[in-house]
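> The feature transmembrane segment is assigned by Swiss-Prot to 7-27, 64-84, 88-108, 128-148. Annotation comment: Swiss-Prot describes Asp118, Asp136 as active site.
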Amino acid sequence: MTPFRAGLLALVLTLILDQATKLGLYFGTDLVLTQPWRLAPFADFVVVWNRGVSYGLFQQEGGIGRWLLVALSLAAAIGLGLWMRRATSRLLGIALGLIVGGALGNAIDRAAYGAVFDFVHLHAGGWSWYVFNVADAAIVAGVIGLILDSLSPDGRKDRASPARGDPAPRL
């Protein structure tokens, strides 16, 4: 499987899993009425509508901010998708696919509902992590993949410009 196809598979699976969990929990359960759902001593399902970006920063109540964030997400997805098309390692392709799938999943929420549906809350003792969703987890995993790819000898070699006379990477 080429790096691009691996990335495309990661993108599609991320998008499907993200939207399926959000739609299933919101429309297929009574979570909205009976939250929180205790999954483990350190994890709950809750309903949080995030009108901002990561960690709830830059909350947007108006329509202009909402659509600017949708446009920014789509522009980032297009740019990262073009990078994914040129990926030369499977790890890079998958990492970019996870990020693009997550960005598109959250953009769909923001366009449809004006906010992103977050539902996973991790906590222990007095410590509490922000509430997130599958798309957010995929974006974080993708960023970790980008870092790992950049640190690998193959990843560094893949980004080196071809020597004069070397063929361009095959798309």
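Don't overthink the numbers, they just go from 1 along the chain as shown.
The backbone N, Cα and C atoms fix where each Cβ goes, and this holds for glycine too.
Predicted, not measured: the structure shown is a model, and the values here were computed from it.
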> Taking just the CA atoms, what is the gap between Asp118 (active site) and Asp136 (active site) in Å?
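Between the Cα atoms of Asp118 (active site) and Asp136 (active site), the distance comes to 9 Å.
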> Sequence-remote contacts (6 or more beyond its ends) of the transmembrane segment (7-27), Cβ cut-off under 8 Å?
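Same-chain contacts beyond the flanks: 1, 45, 47, 81, 84, 87, 92-98, 100-102, 104-106, 108-109, 117, 119, 133-135, 138.
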> Could you check what DSSP calls Asp136 (active site) once collapsed to helix, strand or coil?
helix
